[in-house]
């Protein structure tokens, strides 16, 4: 029986990539800086002390981080009891966004640029907004700027409730984000609006990676908070991903947990399981691992690292999240059978100590555990697509166009 358990720790970078200078991210190091802040006692909100992640250490994260940056994370040394193969990978996609990272992991790097809304104010062209307003029968929008999602609902949420005008905003990523109140605007209305925006963007050749529904609740700016009902309406992959190949060539199953299905536009997904919160995502993953059949990929994205702690520059929260995940990792490891592969990686960085609120261009860990495979150092992988190619070889699929087998 062959099964792959692929877990993406969203934004868990381990040091700036060779091309980080093009993104003003030289020196960024999501993992390393979290470890440093914990060691120095500067990440003690809701937790305390040095970062405690024994299971990630056992899978080789410390050694991988050292190979990525040239030095061990503060307070750690070489781990001799590693049970997995470990390495690190750099991205060849042109962006440092979720879609690019995940598609490249699945063997389809995004080499051309996405369309970005670069203006900080009046970010979306009036002609585009007018098309959306006409088709959606809205009275208008508010926002139309670069913004943090939590900040903009605090600032404009009350006006949105009063006027029923959706809040639209973007970031340095290729995204069109829409925030609406679940009760006063309606969740189904928000999803319908996002589908309309996705259709119009595609119709008029705006190569925008994602339209994101950002629902929130609360009665005033002191109470507004985003809910777990976020949805991403992604552009469809340009080529066949390894998850689609598994279904097409082996009639296999791809179980998508969290926002994975949204990232691939539902393409190459057999079963989509919506799950929110780090603990619940881990529980759902464990549940699906226990019943996974032959030729199955269980594919989980742990979004909280990025959305709750990376973008919000919350070092303590990120550290606490890593420790929570590590506490669930022992059970995950115990479920991996002789011919299975457990792969832990990330899609980009989001250093919570870095300037601004955006992603950081970083190398990502590649940790592969299987009781049936001899452990070794995987080296510096030149593309995330090596993960997709490795999965293709493992399932005896036709070759992917990018990447090399690591095993």
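Placed from the backbone N, Cα and C atoms, the Cβ positions cover glycine too.
Just one of 287, 359 is listed by Swiss-Prot for the same Mn(2+) 2 site as 306, 311, and that one is 359. Same-chain residues that are not part of 10, 347, 348 yet have a Cβ within 8 Å of the Cβ center of the Mn(2+) 1 site turn out to be 8, 9, 11, 12, 98, 101, 102, 306, 346, 349, 350, 359, 364.
Note on proximity: among 10, 347, 348, the binding-site residues of the record, the Cα nearest residue 306 (Mn(2+) 2 binding site) is that of 10.
For the pair residue 347 (Mn(2+) 1 binding site) and residue 359 (Mn(2+) 2 binding site), the Cα-Cα distance reads 10 Å. You'll find the Cα of residue 348 (Mn(2+) 1 binding site) roughly 7 Å from the Cα of residue 359 (Mn(2+) 2 binding site).
Ranking the binding-site residues 306, 347 by the number of CB atoms within 10 A of their own CB puts 347 at the top.
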